[in-house]
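If you check Swiss-Prot, you get these features:
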SIGNAL    1-23  signal peptide
TOPO_DOM  24-101  topological domain 'Lumenal'
CARBOHYD  40  N-linked glycosylation site
TRANSMEM  102-122  transmembrane segment
TOPO_DOM  123-135  topological domain 'Cytoplasmic'
TRANSMEM  136-156  transmembrane segment
TOPO_DOM  157-169  topological domain 'Lumenal'
TRANSMEM  170-190  transmembrane segment
TOPO_DOM  191-200  topological domain 'Cytoplasmic'
TRANSMEM  201-221  transmembrane segment
TRANSMEM  225-245  transmembrane segment
TOPO_DOM  246-257  topological domain 'Cytoplasmic'
TRANSMEM  258-278  transmembrane segment
TRANSMEM  282-302  transmembrane segment
TOPO_DOM  303-319  topological domain 'Cytoplasmic'
């Protein structure tokens, strides 16, 4: 829901700096990378590098040049620390200690755990809620969209490339749009299916235009951030308005808690500090903190779907 929006805010802010940060602008860093590439990334030296590179590193797409950048990043960080200076960023990111092929280990693991939580709750939902429940198809579709987004988040934090970055951004946008569609179906779509269908078509059109513009014309981080934040805030406000209108329902407090928790946890994204132990930064902490929120939201969807099923069955009996 709105938590994905906060994540996009951080990503957009970091990406805006990606063209040049203090660390990668340092002559010592640039000279180090240049010398490393000349020494290791051509001819026989390159063959030697490839022969000793672990298979998981090559499968993840780590090149000789990438390895040079990684090693020179730590050389530069060491010099900064020796001089008593603050740790610099490189290409818009803090320096992270690589583990195996994982570029940002904590965020990658946290993204995987978020996806695992979504998968477990999807299985529980499908076991507990009959397919005849009015919200069943929409909730199941939302779960699959979320799983796909967390998969690409895991991939992106494992290996940051242009492709994985775009897939992470686009899939996050898809989750936000599907969440607001889920809200539309729950609030007005069950009574007015045609309205929900029209809204779905509009959202698909918006997503297509959004992805096409960013992919084919210009990858504008500021526009991407503004668009997703606007939709995310509308989504949160819509859910809260529905909760206020239906506060008599015993399970509504779960939805309120989810929206408020996500808004509160989003403040973690405003923290910006070098990774603790070169692994754990504010973004990773935010990812970790959202795991129980997914469990709570799917618990709400399960309770609400069973409530709607019971209500629809009662109407059939009355008819």
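Yeah, the Cβs are placed from backbone N, Cα and C, and that goes for glycine too.
Since we're looking at a predicted model, the values are computed, not measured.
Annotation note: the residue listed as 'N-linked glycosylation site' sits in a helical segment as assigned by DSSP. Sequence-distant contacts of the transmembrane segment (136-156), counting only residues of its own chain at least 6 positions beyond either end whose CB sits under 8 Å from a CB of the stretch, comprise 4, 107-108, 111-112, 114-115, 118-119, 121-122, 125-126, 129-130, 164-165, 167-168, 171-172, 174-175, 178-179, 181-182, 185-186, 287, 294, 298, 301, 305.
With respect to Cβ pairs under 8 Å, the transmembrane segment (225-245) is most closely packed against 170-190, considering the stretches 102-122, 170-190, 282-302. Panel annotation: around the topological domain 'Cytoplasmic' (123-135), residues 143, 185-186, 190, 298, 301-302, 304-306, 308-309, 312 of the same chain, lying at least six beyond its termini, place a Cβ under 8 Å from a Cβ of the stretch. Long-range contacts of the topological domain 'Cytoplasmic' (191-200) within the same chain: residues 181, 184-185, each at least 6 residues beyond the stretch ends and with a Cβ under 8 Å from a Cβ of the stretch. Sequence-distant contacts of the topological domain 'Cytoplasmic' (246-257) (same chain, at least 6 residues past either end, Cβ-Cβ under 8 Å): 239-240, 296-297, 299-300, 303-304, 307. Computed over the topological domain 'Lumenal' (157-169), the whole-number mean pLDDT of the model equals 90.
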